[in-house]
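Enquirer: Got a structure here, written out as structure tokens. Questions coming.
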Amino acid sequence: MWSGIPVFALLSSIGIAAAENGLDGWLRYASVPCNGNCQRALPSHIVTLNSTKSSQVYVAGQELQDGLHQILGKHASVKSTGCSTDSSIVVGTVEAYRQVCNTGSQAPELDVDGFWLSIRGKSVQIVGQTERGALYGAYEYLSMLAQGNFSQVSYATSPHAPIRWVNQWDNMDGSIERGYGGPSIFFKDGVIPQDLSRVKQYARLLASVRINGIVVNNVNANASLLMPSNMDGLARIADVFRPYGIRVGISLNFASPSTLGNLSTYDPFDSSVIAWWGNVTDQLYARIPDMAGYLVKANSEGQPGPTTYNRTLADGANMFARALKPHGGVVMFRAFVYDHHISEDNWYNDRANAAVDFFKPLDGKFDDNVVVQIKYGPIDFQVREPASPLFANLYKTNTAIELQVTQEYLGQQSHLVYLPPLWQTILRFDLRVDQKPSPVRDIISGQRFDRPLGGWAAVVNVGTNTTWLGSHLAMSNLYAYGRLAWEPTLDSEDIVQDWIRLTFGLDRRVLDTLTQMSMESWPAYENYSGNLGIQTLTDILYTHYGPNPASQDGNGWGQWTRADHLSIGMDRTVKNGTKFSGQYPAEVAAMYENIETTPDNLMLWFHHVNYTQRLHSGKTVIQHFYDAHYDGAETAQTFVSRWESLRERIDAERYQHVLARLIYQAGHSIVWRDAINNFYRNLSGIADEKERVGYHPWRVEAEDMQLDGYVPYAVSPFETASNFTAIVTASNGTTGTASATLDFKTGTYDLGINYYDMYGGKSHWTVYLNDRVVGQWQGNSEDVLSHTPSIYLDGHSATRITFRDVKIHKGDRLKIVGEPDGVEPAPLDYAVVLPRGIVD
């Protein structure tokens, strides 16, 4: 039970704290208003039933002492003897509590890592089935206090599943694949650095949401991690995590016996290979006795694996499992295995089929300490996918779900997208195995098929940025992941409200505003990126960030839309298509097989239809595209004003940081909207019924302006420029000027400039009206925003700056002067003159 309901009403306005950089995350423990009564009602002593400084119970005592002082100014002493319940917090394991406190009935039975929390006046008992559970209970108690909740409670809670891990895709050189929060906190220049202070801070955050394992390196692993010096470094990392109840694991490169061990083979049946892995594993456990185990990506996207030697994936997984077995370790074996060279010319080819095709025949052949780690959908972390059918096809195999906190396809932390509502569409989905209730959450816990292991993994990818993920608001997803991994039936809105109170305080307006924005953010992003199950429509061949729908097709990666001038969507039916729908149990298969019973939000995932196909909503497919993209972009515009309403209620540093990203998102959502709508308007030849697509009366196209030092440039992909054309300076040493006489009636407008901010240069622009400077800016988004930059004029680099409340007279002369820098030729797309209340 997590409780965030305060005893007293949330204040309507609370004084702003000093500037904060986000490093403390939701553990900032800001002072809670208190008239002194709550302090007097709190315990004065903390009794930790273990005095060993490396123990989680000892750490729990330190966390309680520090938290009480920060939240309420309460100075509580800590001791490790006795069991007085008079004005004391007693924290320890069930075993220690029963022995020291001489009680056998008060603490209930708990599952592994579960805890019991009892608050009765000044007497608080926090009792864990393990030391880890006791630490979790301490964080729970502090979370209540930090949210102004001084309720008396008594309850026990245990985890949904034993495996609650995070994955980091950190590389040995310090870079992070799909990381948007700065360089690695674990690696630099091929080694583990001496300063691991950020690792300790990360450990606190993870433990506070009950994460119990971490894989610290990229699944596309570098064998050099297994060198003795780096094993020593891993041991130092493990030493930092251990007091917080988090076990360290590593990703392995399957070919390491060859690339690092100088063997002629990495065949999992070869005795020398088996011995090599056994020796490596023994060396690791000699340094890290509680190592969690291994994560393996094999035979996928160019990674080596057992099929090279005609061995099965189970053969490969079991080789590692047997090396780990004596030490109690686990193999997390990724189900992300597919051929990325298949031909779209074959109507029946389908990447979505791959996981079941590879793994279903192996059900029951994996050792009992192997867990198959399955992405939530059949493709790759898309904005909406059906639940992977593999969850329903492994009766005799341990499974875990793989989620992604890092927003690889979902805005890369430069767009606000609160992910739990997306995750819940998968976790709650009932696969109806054998016509029995089979929600995904019950399969991964091991409950549905009576499996001993199972659980959760999330790709997180924090970095050295003080916001951890590159955005303050993105931290809600990491917090929520931990909460759901413990109890997946929790409500997404309740979770984000707890996070808001812990992160931004108890102000009611802040709570209500951020709750609404968060809950609207995923539907908005889905609307302006890709809808009806068509996938995210991002550029899958480059950054995975901005729009490029054509990149989905015509290649072997298998994220196809099969869009042509008449029709769109993948036919995944058994009757006419790839037979993917038949991978589901009968009841679900029947629903997806028939267009009449397929939900609109997955229509194009399962069916290839004409653009004029009517949806259940009554709209045609193409009109739904047009409307959804306008709706989503319009919602994103409102995020800015809603956040601005909180200006006096949030510290200036975090306020400005978030505001810059929301302003950017508002502009980039229009780039998305126009790119997707223009692409499909051009492809289908079908006009928007509401006459919005391609009609922009408030714009002044840059190529139509009077140019001096600027020249027109045909942008590719074409749809990422208004009217398909931008302007660039004639050379990288030439200043460009674009001028136009404005023919809008006199009034006050918002003046927007759409431009391209490319990697490799920091151009400078100045905007004039009749030689009066309206504003100026530099193209430095690579220093400000978190997303992967682009060296091209495209949907990744396209962005907008807006100058508000500009007084414009009809006939005024608009002039934009661009000064190129580096490889960036001060590119411009258009200017837009917007009356108040108009979304271009």
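Placement of Cβ uses the backbone N, Cα and C atoms for every residue, glycine included.
Small disclaimer: the values here were computed from a predicted structure and weren't measured.
Just lifted these from Swiss-Prot, have a look:
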type	residues	note
CARBOHYD	Asn50	N-linked glycosylation site
CARBOHYD	Asn149	N-linked glycosylation site
CARBOHYD	Asn222	N-linked glycosylation site
CARBOHYD	Asn262	N-linked glycosylation site
CARBOHYD	Asn279	N-linked glycosylation site
CARBOHYD	Asn310	N-linked glycosylation site
CARBOHYD	Asn465	N-linked glycosylation site
CARBOHYD	Asn527	N-linked glycosylation site
CARBOHYD	Asn610	N-linked glycosylation site
CARBOHYD	Asn682	N-linked glycosylation site
CARBOHYD	Asn723	N-linked glycosylation site
CARBOHYD	Asn732	N-linked glycosylation site
SIGNAL	1-19	signal peptide
Enquirer: Based on DSSP, name the secondary structure state of Asn279 (N-linked glycosylation site): helix, strand or coil.
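Expert: Asn279 (N-linked glycosylation site) sits in a helix per DSSP.
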Enquirer: In whole Å, how far does the CA atom of Asn682 (N-linked glycosylation site) lie from that of Asn723 (N-linked glycosylation site)?
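Expert: Per the Cα atoms, Asn682 (N-linked glycosylation site) and Asn723 (N-linked glycosylation site) stand 12 Å apart.
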Enquirer: Provide the number of Cβ atoms within 10 Å of the Cβ of Asn527 (N-linked glycosylation site), excluding the reference atom itself.
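Expert: For Asn527 (N-linked glycosylation site), the count of other Cβ atoms within 10 Å is 25.
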Enquirer: Near Asn610 (N-linked glycosylation site), how many other Cβ atoms are within 10 Å of its Cβ?
Expert: 15
Enquirer: Are there any residues at least 6 positions away along the chain from Asn732 (N-linked glycosylation site) with a Cβ closer than 8 Å to its Cβ? List them or say none.
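Expert: Same-chain residues close to Asn732 (N-linked glycosylation site) (Cβ under 8 Å, separated by 6 or more) are Gly761, Pro820, Asp821, Gly822, Val823, Pro825.
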Enquirer: Is Asn732 (N-linked glycosylation site) helix, strand or coil when read with DSSP?
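Expert: DSSP assigns Asn732 (N-linked glycosylation site) to coil.
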Enquirer: What are the non-local neighbours of Asn222 (N-linked glycosylation site), defined as same-chain residues 6+ apart in sequence with CB under 8 A from its CB?
Expert: Asn171, Met172, Asn253
Enquirer: Quick check for the class: what is the C-alpha distance, in angstrom and rounded, between Asn262 (N-linked glycosylation site) and Asn527 (N-linked glycosylation site)?
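Expert: About 52 Å separate the Cα atoms of these two residues.
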Enquirer: Between Asn149 (N-linked glycosylation site) and Asn723 (N-linked glycosylation site), what is the CA-CA distance rounded to a whole number of Å?
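Expert: About 56 Å separates the two Cα atoms.
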Enquirer: A 10 Å Cβ contact count, applied to the glycosylation sites Asn50, Asn279, Asn310: which residue has the minimum?
Expert: Asn310
Enquirer: Given the glycosylation sites Asn149, Asn262, Asn465, Asn682, Asn723, which one has the fewest other C-beta atoms within 10 angstroms of its C-beta?
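Expert: Result for the glycosylation sites Asn149, Asn262, Asn465, Asn682, Asn723: minimum number of other Cβ atoms within 10 Å at Asn262.
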Enquirer: Rounded to the nearest Å, what's the C-alpha distance separating Asn527 (N-linked glycosylation site) and Asn465 (N-linked glycosylation site)? Just drop the number here, would you?
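Expert: Their Cα atoms are separated by 30 Å.
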Enquirer: For Asn310 (N-linked glycosylation site) and Asn279 (N-linked glycosylation site), what Cα-Cα distance in Å is obtained after rounding to a whole number?
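Expert: Their Cα atoms are separated by 24 Å.
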Enquirer: Consider the glycosylation sites Asn50, Asn279, Asn610, Asn723 and say which one has the Cα lying nearest the Cα of Asn465 (N-linked glycosylation site).
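Expert: So, of the listed glycosylation sites, the one sitting closest to Asn465 (N-linked glycosylation site) is Asn50.
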Enquirer: Do me a favour and check the Cα-Cα span between Asn723 (N-linked glycosylation site) and Asn610 (N-linked glycosylation site); whole Å is fine.
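Expert: Per the Cα atoms, Asn723 (N-linked glycosylation site) and Asn610 (N-linked glycosylation site) stand 26 Å apart.
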Enquirer: Between Asn50 (N-linked glycosylation site) and Asn610 (N-linked glycosylation site), find the distance joining the two CA atoms and give it rounded to the nearest Å.
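Expert: The separation of the Cα atoms works out to 68 Å.
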